[in-house]
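J.: So Swiss-Prot lists the following for this protein:
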| type | residues | note |
| --- | --- | --- |
| BINDING | CYS243, CYS246, CYS267, CYS270 | Zn(2+) 1 binding site |
| BINDING | CYS258, CYS261, HIS280, HIS284 | Zn(2+) 2 binding site |
| COMPBIAS | 557-569 | compositional bias 'Polar residues' |
| MOD_RES | SER662 | phosphoserine |
| REGION | 1-288 | region 'Interaction with MAGEE1' |
| REGION | 400-450 | region 'Syntrophin-binding region' |
| REGION | 556-575 | region 'Disordered' |
Amino acid sequence: MIEDSGKRGNTMAERRQLFAEMRAQDLDRIRLSTYRTACKLRFVQKKCNLHLVDIWNVIEALRENALNNLDPNTELNVSRLEAVLSTIFYQLNKRMPTTHQIHVEQSISLLLNFLLAAFDPEGHGKISVFAVKMALATLCGGKIMDKLRYIFSMISDSSGVMVYGRYDQFLREVLKLPTAVFEGPSFGYTEQSARSCFSQQKKVTLNGFLDTLMSDPPPQCLVWLPLLHRLANVENVFHPVECSYCHSESMMGFRYRCQQCHNYQLCQDCFWRGHAGGSHSNQHQMKEYTSWKSPAKKLTNALSKSLSCASSREPLHPMFPDQPEKPLNLAHIVDTWPPRPVTSMNDTLFSHSVPSSGSPFITRSSPPKDSEVEQNKLLARAAPAFLKGKGIQYSLNVADRLADEHVLIGLYVNMLRNNPSCMLESSNRLDEEHRLIARYAARLAAESSSSQPPQQRSAPDISFTIDANKQQRQLIAELENKNREILQEIQRLRLEHEQASQPTPEKAQQNPTLLAELRLLRQRKDELEQRMSALQESRRELMVQLEGLMKLLKTQGAGSPRSSPSHTISRPIPMPIRSASACSTPTHTPQDSLTGVGGDVQEAFAQSSRRNLRNDLLVAADSITNTMSSLVKELNSEVGSETESNVDSEFARTQFEDLVPSPTSEKAFLAQIHARKPGYIHSGATTSTMRGDMVTEDADPYVQPEDENYENDSVRQLENELQMEEYLKQKLQDEAYQVSLQG
């Protein structure tokens, strides 16, 4: 009693230690229950060193402990279960190099306590054989397809069809593993678990079983099982990508990419714990990546796949025959090693992977000849005398096995190896044994020298042809799958390119580079608006000058042609300059730009207040250009008073025909222009008055050459101003177009 209580106390302490170490990993913070369950079971698997054991090692250990012959419902005590686990881990240490030896006793103790906690929570000290097989097959390492094939061999009948009762029992036992790591509310067993996976009206074979459990997504109750194997496969996968949340320079394991946010990628720890930054949300769809490919490699693969005209998508598993292969007849194997127990029906169903054509221990399929039957009978009758005194118990079953020469020769070799002195016992027996060997050798020589029948010669050729055709069909299927995957990859790359070339506002807000570019564009827009305002102010000043010139023309048309220029407008025409106030007020209406301009020009350039600034500026530029063109033509075409009608008709084609009359005489107009020369502007009032008094009819011959030069200068100046206005108009149109595009 004291020893039992001590063992029970040690067991509970080791269980608590295992679960305490699991809690120290902070796995409960994982947001998704599927990943949380898979991570916990992966921790138990690595802690117990079961990830170093594959399904084949488990099957071998079960056979060595004769569990394959037991009924699945048979219960094992703790000592028997500990013996099975000892076989597994001691054999593992033999396979491991000396530098990677494991602590066998600790692994056995941890795994034993975990199995007892999962399958014997009441503490009865017994676990069924079926539960042990399912637990070891689920938690061991290796490929998931091999595990599922072994599990199917345990829950199917002899015809290769799944039994629903056994599958329900399998779910009942295997779902105790998530419950043992405190994930029972998410993946506990329910009555509807089996019905949610398969329909009872449909026969489920091995291929259908593998298709369902290896599909994406798998059944809800077993969704953690494929994820457990994916975790093991990607533990050491390196991704040279920066995490968008924790900003780590690289990732290990899974990599997750958001399907809505541009270039938003998370490492597995940030994704599992629900971290999100910026505009990314946990509700966004994420894609899981188990490997990393550089852009160059992606392009190379896409091109190679597109050129191969086939799809790279491989099937989930190879196709297996619906009917299981018959087990090998082990009765005719030369058993020179220690005999092993014959496999049961359920274990022999797992022989799907055993190639029947490659085994050297297969019985002949052709019926024996009459002479061979008689010879075998003679050998069987001679067997008791042959085995007498050799330490072998003779019975009818042994006699049946001795019906083949291979077994007889094997026994003879063992006898000579174990007891060489038996050759001296009896000369009769030696002669009899030599005759048997000679007869067997002669028959083998005759069979090797004789030619094979045509059917037997063609059998290898037929099998080779069948294998070649099967390989060709598999290759065609693989190429077709690769072609489909290439097309999907090309479509995905095209969509990504289109999305990258047309960034959405949401993506622009998330990218700092795009935000900086947007700020620069807005700053450029403000500068252009200020430039536009300055140009508008300059244009207003030009229009003021034009108004003064038109008033001058009206005054000369109404007054005397010989009047003195001193009575005209004496202030100089201001040149267009960039106003400092215009830069300080970047936006104002077109009506404000016409302030201080006469009514004639305002009527010509007035626009509706509903139009935008760009249209107002374009209309004003056109009007000024037409007016300046008309004025230049007016100055060039005046040759006397008789040209007054031609000037009036020229101005009639413009919008200012009622405002700009022609001067009465060329000399009066020249006198007006002469009075506005810079030399007279900069002179004092006295000089201006004297020059005005001196301008008479008698002085015209002396003033006329200078007036003609100044007239030519004025014409050239107006032409230059016209060209400047054309240039400003074109530049204003270009800048307004750029502002409209950037806005």
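Yeah, the Cβs are placed from backbone N, Cα and C, and that goes for glycine too.
These figures come from a predicted structure and were not determined experimentally.
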J.: Taking the Cβ of CYS246 (Zn(2+) 1 binding site) as the reference point, list residues of the same chain whose Cβ is under 8 angstroms away and which are at least six residues distant in sequence.
T.: CYS267, ASP269, CYS270, HIS275
J.: Taking HIS280, HIS284 as the binding-site residues to compare, which has the smallest set of other Cβ atoms within 10 Å?
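T.: With the binding-site residues HIS280, HIS284, fewest surrounding Cβ atoms within 10 Å: HIS284.
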J.: Distance between HIS280 (Zn(2+) 2 binding site) and CYS243 (Zn(2+) 1 binding site) at the Cα atoms, whole Å?
T.: 13
J.: Look up CYS267 (Zn(2+) 1 binding site) in the DSSP assignment and reduce it to helix, strand or coil.
T.: strand
J.: Tell me the Cβ neighbour count for CYS261 (Zn(2+) 2 binding site), meaning other Cβ atoms within 10 Å of its Cβ, over all protein chains shown.
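T.: Other Cβ atoms within 10 Å of CYS261 (Zn(2+) 2 binding site): 20.
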J.: Does DSSP give CYS243 (Zn(2+) 1 binding site) helix, strand or coil?
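T.: Note: CYS243 (Zn(2+) 1 binding site) is coil by DSSP, not helix or strand.
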J.: Which residue, of the binding-site residues CYS243, CYS258, CYS267, has its CB surrounded by the fewest other CB atoms within 10 A?
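T.: With the binding-site residues CYS243, CYS258, CYS267, fewest surrounding Cβ atoms within 10 Å: CYS258.
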J.: Hey, what's the Cβ neighbour count for CYS270 (Zn(2+) 1 binding site) at 10 Å?
T.: 19
J.: The region 'Interaction with MAGEE1' (1-288): mean pLDDT?
T.: 91
J.: Applying the rule Cβ within 8 Å of the centroid of the Cβ atoms of CYS258, CYS261, HIS280, HIS284, what extra residues of the same chain belong around the Zn(2+) 2 site?
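T.: Other same-chain residues near the Zn(2+) 2 site: GLN259, GLN260, TYR264, ALA276, SER279, SER281, MET286.
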